[in-house]
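Over in TrEMBL, the protein carries these features:
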TRANSMEM  6-23  transmembrane segment
DOMAIN    27-210  domain 'CAAX prenyl protease 1 N-terminal'
TRANSMEM  68-87  transmembrane segment
TRANSMEM  155-174  transmembrane segment
TRANSMEM  180-203  transmembrane segment
DOMAIN    214-300  domain 'Peptidase M48'
BINDING   284, 288, 324  Zn(2+) binding site
ACT_SITE  285  active site
ACT_SITE  328  active site, proton donor
(Lines of atoms letter the chains of each structure in order from A and count residues from 1; the text may use other names and numbers.)
(Lines give C-alpha, C1' and ligand atoms only; values in the text may rest on other atoms or scores of the structure.)
Protein backbone atom coordinates (compact mmCIF):
# COMPACT_ATOMS: atom_id res chain seq x y z
CA UNK A 1 0.00 0.00 0.00
CA UNK A 2 1.41 3.33 -1.09
CA UNK A 3 2.11 5.98 1.53
CA UNK A 4 -0.67 8.64 1.46
CA UNK A 5 1.81 11.42 0.74
CA UNK A 6 -0.71 14.05 -0.37
CA UNK A 7 -2.97 13.44 2.62
CA UNK A 8 0.05 13.75 4.90
CA UNK A 9 1.05 17.07 3.32
CA UNK A 10 -2.48 18.45 3.65
CA UNK A 11 -2.65 17.21 7.24
CA UNK A 12 0.65 18.93 8.08
CA UNK A 13 -0.55 22.16 6.46
CA UNK A 14 -3.75 22.11 8.53
CA UNK A 15 -1.81 21.39 11.74
CA UNK A 16 0.49 24.35 11.06
CA UNK A 17 -2.54 26.51 10.27
CA UNK A 18 -4.15 25.58 13.60
CA UNK A 19 -0.92 26.23 15.50
CA UNK A 20 -0.34 29.61 13.85
CA UNK A 21 -4.00 30.54 14.33
CA UNK A 22 -3.58 29.83 18.05
CA UNK A 23 -0.63 32.23 18.09
CA UNK A 24 -2.67 34.77 16.10
CA UNK A 25 -5.44 34.57 18.71
CA UNK A 26 -2.93 35.18 21.48
CA UNK A 27 -1.60 38.21 19.62
CA UNK A 28 -5.13 39.46 18.94
CA UNK A 29 -5.84 39.35 22.66
CA UNK A 30 -2.66 41.30 23.35
CA UNK A 31 -3.64 43.92 20.76
CA UNK A 32 -7.00 44.43 22.49
CA UNK A 33 -5.35 45.45 25.76
CA UNK A 34 -6.49 49.02 26.55
CA UNK A 35 -3.26 50.20 28.14
CA UNK A 36 0.36 50.65 27.11
CA UNK A 37 3.10 48.37 28.44
CA UNK A 38 4.65 49.90 31.56
CA UNK A 39 7.92 50.56 29.72
CA UNK A 40 6.16 52.72 27.13
CA UNK A 41 4.04 54.77 29.53
CA UNK A 42 5.06 58.39 29.16
CA UNK A 43 7.10 57.48 26.08
CA UNK A 44 4.30 56.83 23.58
CA UNK A 45 1.39 59.27 23.52
CA UNK A 46 -2.11 57.96 24.26
CA UNK A 47 -3.29 59.26 20.88
CA UNK A 48 -0.64 57.28 19.01
CA UNK A 49 -1.39 54.22 21.12
CA UNK A 50 -5.08 54.33 20.24
CA UNK A 51 -4.28 54.74 16.53
CA UNK A 52 -1.73 51.91 16.68
CA UNK A 53 -4.23 49.67 18.46
CA UNK A 54 -6.96 50.32 15.88
CA UNK A 55 -4.54 49.74 12.96
CA UNK A 56 -3.15 46.53 14.43
CA UNK A 57 -6.64 45.15 15.17
CA UNK A 58 -7.82 45.92 11.64
CA UNK A 59 -4.80 44.08 10.23
CA UNK A 60 -5.38 41.20 12.63
CA UNK A 61 -9.03 40.77 11.57
CA UNK A 62 -8.00 40.86 7.93
CA UNK A 63 -5.23 38.33 8.57
CA UNK A 64 -7.69 35.80 10.04
CA UNK A 65 -9.88 35.97 6.93
CA UNK A 66 -6.95 35.84 4.51
CA UNK A 67 -5.33 32.85 6.19
CA UNK A 68 -8.61 30.94 6.40
CA UNK A 69 -9.34 31.41 2.70
CA UNK A 70 -5.73 30.52 1.83
CA UNK A 71 -5.71 27.24 3.76
CA UNK A 72 -9.06 26.28 2.21
CA UNK A 73 -7.79 26.90 -1.33
CA UNK A 74 -4.38 25.29 -0.80
CA UNK A 75 -5.86 22.20 0.85
CA UNK A 76 -8.47 21.80 -1.90
CA UNK A 77 -5.84 22.17 -4.63
CA UNK A 78 -3.67 19.43 -3.12
CA UNK A 79 -6.39 17.09 -1.86
CA UNK A 80 -8.41 17.06 -5.09
CA UNK A 81 -5.39 16.74 -7.36
CA UNK A 82 -5.82 20.12 -9.06
CA UNK A 83 -2.10 20.45 -9.79
CA UNK A 84 -1.76 17.18 -11.77
CA UNK A 85 -4.94 18.13 -13.66
CA UNK A 86 -3.53 21.56 -14.42
CA UNK A 87 -0.22 20.02 -15.53
CA UNK A 88 -2.16 17.99 -18.11
CA UNK A 89 -4.13 21.05 -19.25
CA UNK A 90 -0.95 23.09 -19.62
CA UNK A 91 0.35 20.37 -21.94
CA UNK A 92 -2.86 20.69 -23.99
CA UNK A 93 -2.24 24.44 -24.18
CA UNK A 94 1.26 23.85 -25.57
CA UNK A 95 -0.32 21.74 -28.32
CA UNK A 96 -2.89 24.44 -29.09
CA UNK A 97 -0.05 26.94 -29.37
CA UNK A 98 1.52 24.75 -32.07
CA UNK A 99 4.52 23.85 -29.93
CA UNK A 100 6.07 20.52 -29.00
CA UNK A 101 4.27 19.10 -25.89
CA UNK A 102 7.18 16.70 -25.33
CA UNK A 103 9.45 19.65 -24.63
CA UNK A 104 9.63 19.61 -20.84
CA UNK A 105 10.81 23.21 -20.62
CA UNK A 106 7.88 24.55 -22.66
CA UNK A 107 5.43 22.39 -20.72
CA UNK A 108 6.83 23.59 -17.39
CA UNK A 109 6.78 27.24 -18.45
CA UNK A 110 3.12 26.93 -19.53
CA UNK A 111 2.30 25.29 -16.18
CA UNK A 112 4.09 27.96 -14.12
CA UNK A 113 2.52 30.76 -16.16
CA UNK A 114 -0.90 29.36 -15.33
CA UNK A 115 -0.03 29.02 -11.64
CA UNK A 116 1.23 32.62 -11.58
CA UNK A 117 -1.95 33.85 -13.27
CA UNK A 118 -4.08 31.95 -10.74
CA UNK A 119 -2.07 33.31 -7.82
CA UNK A 120 -2.39 36.88 -9.08
CA UNK A 121 -6.15 36.57 -9.56
CA UNK A 122 -6.87 34.94 -6.19
CA UNK A 123 -4.60 37.28 -4.23
CA UNK A 124 -5.71 40.48 -5.99
CA UNK A 125 -8.88 41.12 -3.89
CA UNK A 126 -6.91 40.73 -0.64
CA UNK A 127 -4.08 42.95 -1.87
CA UNK A 128 -6.50 45.66 -3.03
CA UNK A 129 -8.41 45.56 0.25
CA UNK A 130 -5.21 45.70 2.32
CA UNK A 131 -3.82 48.63 0.31
CA UNK A 132 -6.87 50.74 -0.48
CA UNK A 133 -9.02 50.03 2.57
CA UNK A 134 -6.87 49.21 5.61
CA UNK A 135 -3.69 51.11 4.70
CA UNK A 136 -5.67 54.03 3.26
CA UNK A 137 -8.02 54.22 6.26
CA UNK A 138 -5.07 54.55 8.62
CA UNK A 139 -3.27 57.11 6.47
CA UNK A 140 -0.47 54.96 5.08
CA UNK A 141 -1.41 54.32 1.46
CA UNK A 142 -0.25 57.07 -0.89
CA UNK A 143 -0.45 55.31 -4.24
CA UNK A 144 -3.22 55.65 -6.78
CA UNK A 145 -5.01 52.69 -8.30
CA UNK A 146 -3.14 53.44 -11.54
CA UNK A 147 0.24 53.27 -9.81
CA UNK A 148 -0.79 50.03 -8.08
CA UNK A 149 -1.67 48.28 -11.35
CA UNK A 150 1.36 49.78 -13.11
CA UNK A 151 3.61 48.18 -10.47
CA UNK A 152 1.66 44.92 -10.81
CA UNK A 153 2.12 44.88 -14.58
CA UNK A 154 5.82 45.68 -14.24
CA UNK A 155 6.23 42.79 -11.82
CA UNK A 156 4.49 40.40 -14.20
CA UNK A 157 6.67 41.59 -17.10
CA UNK A 158 9.81 41.01 -15.02
CA UNK A 159 8.61 37.48 -14.20
CA UNK A 160 7.97 36.82 -17.91
CA UNK A 161 11.46 38.08 -18.82
CA UNK A 162 13.47 36.50 -15.99
CA UNK A 163 11.44 33.36 -15.34
CA UNK A 164 11.98 31.34 -18.56
CA UNK A 165 15.81 31.37 -18.58
CA UNK A 166 15.95 30.55 -14.85
CA UNK A 167 13.42 27.72 -15.10
CA UNK A 168 15.14 26.40 -18.24
CA UNK A 169 18.50 26.34 -16.46
CA UNK A 170 17.03 24.49 -13.46
CA UNK A 171 15.41 21.86 -15.68
CA UNK A 172 18.68 21.40 -17.59
CA UNK A 173 20.58 20.92 -14.33
CA UNK A 174 18.00 18.40 -13.09
CA UNK A 175 18.39 16.44 -16.33
CA UNK A 176 22.17 16.45 -16.40
CA UNK A 177 23.03 16.66 -12.70
CA UNK A 178 23.25 12.97 -11.97
CA UNK A 179 24.63 12.11 -8.52
CA UNK A 180 25.87 15.71 -8.06
CA UNK A 181 22.45 17.25 -8.70
CA UNK A 182 22.11 18.81 -5.24
CA UNK A 183 25.55 20.46 -5.49
CA UNK A 184 24.90 21.81 -8.99
CA UNK A 185 21.51 23.18 -7.97
CA UNK A 186 22.95 24.84 -4.88
CA UNK A 187 25.79 26.37 -6.91
CA UNK A 188 23.33 27.67 -9.50
CA UNK A 189 21.05 29.20 -6.87
CA UNK A 190 24.06 30.73 -5.11
CA UNK A 191 25.27 32.39 -8.33
CA UNK A 192 21.72 33.45 -9.21
CA UNK A 193 21.31 35.04 -5.78
CA UNK A 194 24.56 36.99 -6.20
CA UNK A 195 23.50 38.19 -9.64
CA UNK A 196 20.02 39.20 -8.46
CA UNK A 197 21.36 40.95 -5.36
CA UNK A 198 23.65 42.92 -7.67
CA UNK A 199 21.08 43.72 -10.35
CA UNK A 200 18.05 44.39 -8.14
CA UNK A 201 19.11 47.75 -6.67
CA UNK A 202 20.69 48.92 -9.93
CA UNK A 203 18.25 47.67 -12.57
CA UNK A 204 15.02 46.44 -10.99
CA UNK A 205 14.36 48.74 -8.02
CA UNK A 206 14.63 51.94 -10.15
CA UNK A 207 11.76 50.63 -12.27
CA UNK A 208 9.49 51.12 -9.25
CA UNK A 209 11.06 53.99 -7.31
CA UNK A 210 13.15 57.08 -7.97
CA UNK A 211 16.59 57.05 -6.33
CA UNK A 212 18.15 60.49 -5.86
CA UNK A 213 21.60 61.28 -4.44
CA UNK A 214 21.27 62.74 -0.95
CA UNK A 215 21.98 66.49 -1.25
CA UNK A 216 25.11 68.03 0.19
CA UNK A 217 24.58 69.25 3.73
CA UNK A 218 24.72 68.36 7.38
CA UNK A 219 22.98 64.99 7.15
CA UNK A 220 25.14 63.75 4.30
CA UNK A 221 28.31 64.92 6.02
CA UNK A 222 27.39 63.16 9.28
CA UNK A 223 26.61 59.87 7.54
CA UNK A 224 29.82 60.03 5.49
CA UNK A 225 31.81 60.84 8.62
CA UNK A 226 30.26 57.87 10.46
CA UNK A 227 30.96 55.55 7.52
CA UNK A 228 34.55 56.73 7.29
CA UNK A 229 35.12 56.23 11.02
CA UNK A 230 34.03 52.61 10.65
CA UNK A 231 35.93 52.17 7.36
CA UNK A 232 32.66 51.37 5.60
CA UNK A 233 33.35 51.71 1.83
CA UNK A 234 30.41 54.02 1.11
CA UNK A 235 30.31 54.91 -2.59
CA UNK A 236 26.82 56.33 -3.00
CA UNK A 237 24.16 57.72 -0.68
CA UNK A 238 20.57 57.91 -1.92
CA UNK A 239 17.11 58.78 -0.73
CA UNK A 240 14.15 57.05 -2.37
CA UNK A 241 10.61 58.33 -2.94
CA UNK A 242 8.91 55.75 -0.75
CA UNK A 243 6.24 58.34 0.06
CA UNK A 244 4.70 57.89 -3.41
CA UNK A 245 3.37 54.52 -2.22
CA UNK A 246 3.32 54.49 1.55
CA UNK A 247 4.16 56.62 4.57
CA UNK A 248 5.96 53.69 6.22
CA UNK A 249 9.68 54.36 6.59
CA UNK A 250 12.89 52.39 6.22
CA UNK A 251 16.61 52.52 5.48
CA UNK A 252 18.95 49.88 4.10
CA UNK A 253 22.37 49.28 2.61
CA UNK A 254 23.55 47.03 -0.19
CA UNK A 255 26.50 46.24 -2.39
CA UNK A 256 29.51 43.95 -2.41
CA UNK A 257 33.13 44.46 -1.43
CA UNK A 258 34.24 48.10 -1.89
CA UNK A 259 31.05 49.25 -3.60
CA UNK A 260 28.56 49.91 -0.78
CA UNK A 261 25.49 52.11 -0.97
CA UNK A 262 23.06 53.40 1.63
CA UNK A 263 19.42 54.21 0.86
CA UNK A 264 17.14 56.34 3.06
CA UNK A 265 13.40 56.46 2.55
CA UNK A 266 12.19 60.05 2.25
CA UNK A 267 9.59 59.18 4.89
CA UNK A 268 12.39 58.38 7.36
CA UNK A 269 13.89 61.82 6.79
CA UNK A 270 10.47 63.43 7.27
CA UNK A 271 9.58 61.49 10.43
CA UNK A 272 12.79 61.83 12.42
CA UNK A 273 13.07 65.05 14.41
CA UNK A 274 16.71 65.74 13.60
CA UNK A 275 19.76 64.48 11.74
CA UNK A 276 21.12 62.72 14.83
CA UNK A 277 18.15 60.33 14.93
CA UNK A 278 18.64 59.43 11.26
CA UNK A 279 22.38 58.92 11.77
CA UNK A 280 21.60 56.71 14.78
CA UNK A 281 19.44 54.51 12.55
CA UNK A 282 22.30 54.30 10.03
CA UNK A 283 24.71 53.46 12.87
CA UNK A 284 22.45 50.53 13.71
CA UNK A 285 22.47 49.36 10.07
CA UNK A 286 26.24 49.72 9.85
CA UNK A 287 26.45 47.64 13.00
CA UNK A 288 25.00 44.75 10.99
CA UNK A 289 27.79 45.21 8.44
CA UNK A 290 30.54 45.59 11.03
CA UNK A 291 29.39 42.48 12.86
CA UNK A 292 29.11 40.47 9.60
CA UNK A 293 25.37 39.89 9.98
CA UNK A 294 24.55 40.47 6.33
CA UNK A 295 26.73 37.62 5.11
CA UNK A 296 25.25 35.27 7.67
CA UNK A 297 21.72 36.13 6.56
CA UNK A 298 22.64 35.50 2.94
CA UNK A 299 24.17 32.10 3.69
CA UNK A 300 21.24 31.16 5.93
CA UNK A 301 18.78 31.81 3.11
CA UNK A 302 20.81 29.49 0.87
CA UNK A 303 20.28 26.63 3.32
CA UNK A 304 16.51 26.99 3.73
CA UNK A 305 14.85 23.63 3.10
CA UNK A 306 11.23 23.82 1.98
CA UNK A 307 9.81 20.89 4.04
CA UNK A 308 11.35 22.47 7.14
CA UNK A 309 10.52 26.06 6.22
CA UNK A 310 8.56 26.73 9.43
CA UNK A 311 11.34 25.45 11.65
CA UNK A 312 14.02 27.22 9.59
CA UNK A 313 12.03 30.46 9.60
CA UNK A 314 11.66 30.28 13.38
CA UNK A 315 15.39 29.66 13.79
CA UNK A 316 16.30 32.54 11.48
CA UNK A 317 13.99 34.86 13.41
CA UNK A 318 15.76 33.94 16.64
CA UNK A 319 19.13 34.72 15.08
CA UNK A 320 17.81 37.91 13.46
CA UNK A 321 16.51 39.24 16.77
CA UNK A 322 19.86 38.52 18.37
CA UNK A 323 21.55 40.47 15.56
CA UNK A 324 19.20 43.41 16.09
CA UNK A 325 20.17 43.60 19.76
CA UNK A 326 23.84 43.44 18.76
CA UNK A 327 23.41 46.22 16.17
CA UNK A 328 21.62 48.37 18.75
CA UNK A 329 24.48 47.76 21.17
CA UNK A 330 26.94 48.73 18.43
CA UNK A 331 25.16 52.06 17.87
CA UNK A 332 25.06 52.54 21.64
CA UNK A 333 28.82 51.98 21.85
CA UNK A 334 29.29 54.72 19.23
CA UNK A 335 27.42 57.15 21.50
CA UNK A 336 24.01 57.16 19.78
CA UNK A 337 21.98 55.74 22.67
CA UNK A 338 19.61 58.67 23.17
CA UNK A 339 19.26 59.39 19.45
CA UNK A 340 18.61 55.74 18.60
CA UNK A 341 16.14 55.46 21.43
CA UNK A 342 14.29 58.54 20.19
CA UNK A 343 14.36 57.28 16.59
CA UNK A 344 13.00 53.85 17.54
CA UNK A 345 10.15 55.44 19.48
CA UNK A 346 9.40 57.88 16.66
CA UNK A 347 9.37 55.15 14.01
CA UNK A 348 7.18 52.97 16.23
CA UNK A 349 4.71 55.84 16.57
CA UNK A 350 4.72 56.93 12.93
CA UNK A 351 4.39 53.37 11.61
CA UNK A 352 1.67 52.60 14.19
CA UNK A 353 3.47 49.38 15.07
CA UNK A 354 1.90 47.12 17.70
CA UNK A 355 2.68 48.35 21.21
CA UNK A 356 1.45 45.22 23.04
CA UNK A 357 2.79 41.92 21.73
CA UNK A 358 2.28 38.35 22.85
CA UNK A 359 5.66 36.78 23.72
CA UNK A 360 4.88 33.49 21.94
CA UNK A 361 3.65 35.24 18.82
CA UNK A 362 6.60 37.62 18.61
CA UNK A 363 9.10 34.81 19.26
CA UNK A 364 7.66 32.81 16.35
CA UNK A 365 6.95 35.60 13.83
CA UNK A 366 9.09 38.66 14.56
CA UNK A 367 12.50 39.10 12.96
CA UNK A 368 12.97 42.26 15.06
CA UNK A 369 12.49 42.43 18.84
CA UNK A 370 9.46 44.40 20.09
CA UNK A 371 10.15 48.02 21.01
CA UNK A 372 9.78 47.29 24.73
CA UNK A 373 12.65 44.80 24.61
CA UNK A 374 14.91 47.04 22.51
CA UNK A 375 14.44 50.03 24.80
CA UNK A 376 15.09 47.85 27.86
CA UNK A 377 18.34 46.61 26.29
CA UNK A 378 19.44 50.16 25.43
CA UNK A 379 18.71 51.30 28.99
CA UNK A 380 20.80 48.52 30.53
CA UNK A 381 24.13 49.77 31.92
CA UNK A 382 27.19 48.69 29.97
CA UNK A 383 28.88 45.57 31.28
CA UNK A 384 32.36 46.35 32.58
CA UNK A 385 35.09 43.82 32.18
CA UNK A 386 37.24 42.95 35.18
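We count from 1, first residue shown onward.
The backbone N, Cα and C atoms fix where each Cβ goes, glycine too.
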Listed in sequence order, residues not in 284, 288, 324 with Cβ within 8 Å of the centre of the Zn(2+) site Cβ atoms: 285, 287, 293, 323, 326, 327, 328, 330, 331
Most Cβ neighbours inside 10 Å, all chains, among the binding-site residues 284, 288: 284
Spatial separation of the residue listed as 'active site' from residue 324 (Zn(2+) binding site) - C-alpha basis, Å: 9
Distance [Cα-Cα, Å, rounded] between residue 284 (Zn(2+) binding site) and residue 328 (active site, proton donor): 6
Entry from the recorded positions list 285, 324, 328 having the most other CB atoms no farther than 10 A: 328
Helix, strand and coil residues within the domain 'Peptidase M48' (214-300) as assigned by DSSP: 45 helix, 18 strand, 24 coil
Between the residue listed as 'active site' and the residue listed as 'active site, proton donor': CA-CA distance (Å): 9
